[in-house]
Amino acid sequence: IRCFITPDVTSQICADGHVCYTKTWCDAWCTSRGKRVDLGCAATCPTVKTGVDIKCCSTDNCNPFPTRNRP
């Protein structure tokens, strides 16, 4: 499977059986810069803390950098 990986947001080959993920959360700059984003791959969908959103998928390049709606 190919997944996008941060910080470069490049498509890389991950190990067989892995899933791609998109993890987003707010930090001190959330209101002006938007949510922080972490893209990668893992053996299983990562468990996250409260306040962190995670989306996992299992097709090539299914985790592109999320687009931000501009006001």
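Using the three backbone atoms N, Cα and C, a Cβ is placed for every residue, glycine included.
As given in Swiss-Prot:
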DISULFID  Cys3-Cys20  disulfide bond
DISULFID  Cys14-Cys41  disulfide bond
DISULFID  Cys26-Cys30  disulfide bond
DISULFID  Cys45-Cys56  disulfide bond
DISULFID  Cys57-Cys62  disulfide bond
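Positions of the features from Swiss-Prot, shown on the structure.
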| residue | record | contacts (Cβ under 8 Å, 6+ apart) |
| --- | --- | --- |
| Cys3 | disulfide bond | Ser11, Gln12, Cys14, His18, Cys20, Tyr21, Leu39, Gly40, Cys41, Asn61, Cys62, Asn63 |
| Cys26 | disulfide bond | Lys35, Arg36, Gly51 |
| Cys30 | disulfide bond | Arg36 |
| Cys45 | disulfide bond | Val19, Tyr21, Ile54, Cys56 |
| Cys57 | disulfide bond | Val19, Cys20, Tyr21, Asn63 |
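With all protein chains in the displayed structure included, the most crowded Cβ environment within 10 Å among the disulfide-bonded residues Cys14, Cys20, Cys56, Cys62 is that of Cys20. DSSP assigns Cys57 (disulfide bond) to a strand. The Cβ neighbour count for Cys41 (disulfide bond), using a 10 Å radius and every protein chain shown, is 20. Under the three-state DSSP scheme, Cys14 (disulfide bond) falls in the coil class. In three-state terms derived from DSSP, Cys45 (disulfide bond) belongs to neither a helical nor a strand segment and is classed as coil.
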